[in-house]
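**Student:** What follows is a structure written as structure tokens; I'll ask about it next.
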Amino acid sequence: MASPFFPSPNTSTGTSSNKLSLLGLRPPTSDLLNLAARQRAVRTSVTTRPRPAVVSPAIVPFEPVETKHSSGDSKLAAWTSIRQERWDGELAVEGDVPLWLNGTYLRNGPGMWNIDDYDFRHLFDGYATLVRVNFEHGRVVASHRQVQSEAYKAAMKNRRLCYREFSECPKPASFFSYVGELASLFSGASLTDNSNTGVVMLGDGRVVCLTETIKGSIQIDPDTLETVGRFVYEDNLGGLIHSAHPIVTDSEFLTLLPDLLRPGYLVVRMEPGSNERKVIGRVNCRGGPAPGWVHSFAATDRYVVVPEMPLRYCVQNLLRAEPTPLYKFEWHPESGSYMHVMSKATGNIVASVEVPPFVTFHFINAYEEVDEDGRVTGIIADCCEHNADARILELLRLQNLKSFAGLNVLPDARVGRFRIPLDGSPRGELYSALNPEEHGRGMDMCSINPAYLGKKYRYAYACGAKRPCNFPNTLTKVDLVEKKAKNWHEEGAVPSEPFFVARPGATEEDDGVVISIISDKNGEGYALVLDGSSFEEVARAKFPYGLPYGLHGCWVPK
């Protein structure tokens, strides 16, 4: 969920002008100024070293650091920076880890939110911290490392911010240095490569950390967590941004490349073992001065579902030295909200429908509706939808997260279900897939059984809410058939994304475990293992310290 920026050609070869020309773009003196003018006209309101030896069963010592919150709680670690750059050790286990659970859970997230005495503003600004939890025959060994991005290394060397993050940008020494910084922004040189959003295992086994800047694709070693180097896309598509969440299977890697100058999205595919993205097709935006934000999207076996929401990228806000209420975006409800469906085989748009306004970070899944004769009649696409309320971005300021005063300030959210007809109808539907009270009107950070990706499914796992709260504070299992939810909650705990791992040989969709890393109210932390069916706790493996809140993870089988 880090910095979104406008497309520009790949910065690996050629001059800035040559790079822009690869996409048919010109330097900012023309098109970008025209784009900014269009936005002003329609705006209505309102980003390898060898592996250290693992000590077993002892814990590698760490240096405890007391951190103060404005709420007076000095123990909760969820919103404070990681206490040291790296750590390895075996975890003490309470309960019984299933013996079949053999492999590694990796979690990525923004784990360092300060440089000396300078505190970052937003959850999405922090430098990436990778956490590794390895399960083998009931034992649990863990480690963490900072991802060695250029942004992180420059900050540690110079003791100051050196690249543009989600809401942060380097402080210019003068007006002329600011002008120079803007010039580097257009070429992509000043954009962050801080890959603090997700981590995925490609079909060929390579593991890559990602964020919304393309240069922030960084390959890591899943066994040591060492940074291997930048994952370079070897094609001529260029671009500076893409969806932070690609759709990755054993056979393909799908992502979206937003285009701010000719508002739309390129849908691209990359095969396992390749670094070359190939264009499937293009979606032209139907409304607004710029594309809607595409942090994630959905796909079925045959189709790619491209959302176009009224929370749209904004060049003017990108150029500012200080953040606006919606950061790099603007809210344009008058521009309309749309869902587009593209055929993977042909690149043709088979449906483009208007839907009610929506705000979502994360899509859950999508599948095809078929009639009695097996013909596809529509697409169902589910997401964590925030009731078209863009205030969720501002809520994620660290000051808000640290200063919880017991008030119920978390905006409502739901499982938003889109139905997109394929009969040429101009409108689609958006409704709640179940009563949001089932999960406390909180819904985000979702996962499913990966075997059901793009197929009709029943269960989703996400973070919900036990109110009052200012942030999702439960784990929830949603049953989309019975329209019920089971919830796990521990007072004062902040859970990260629940990640489902299927039991080998399982035939039932929920036969497996759910893994989440928890920061609790006592300054401690642990890896939690829940039974995927009953949603009851089966084990917890305790860290010697509380970890900062993290975002998304992946599973690397043994």
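Even glycines carry a Cβ here, placed using N, Cα and C.
Bear in mind that the values here come from a model prediction, so they are computed numbers and not experimental data.
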**Student:** Among 1-22, 419-440, indicate the range for which TrEMBL gives the feature region 'Disordered'.
**Tutor:** 1-22
**Student:** By a simple count of other Cβ atoms within 10 Å, which of H245, H295, the binding-site residues in the record, is least packed?
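**Tutor:** Counting other Cβ atoms within 10 Å of each of the binding-site residues H245, H295, the minimum falls on H295.
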**Student:** Cβ-Cβ under 8 Å from H552 (Fe cation binding site), same chain, 6 or more residues apart: which ones?
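**Tutor:** Looking at Cβ-Cβ distances below 8 Å from H552 (Fe cation binding site), excluding near sequence neighbours, one finds R107, N108, G109, T197, G198, V199, H245, M445, E497.
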**Student:** So for H362 (Fe cation binding site), how many other CB atoms are inside 10 Å of its CB?
**Tutor:** 21
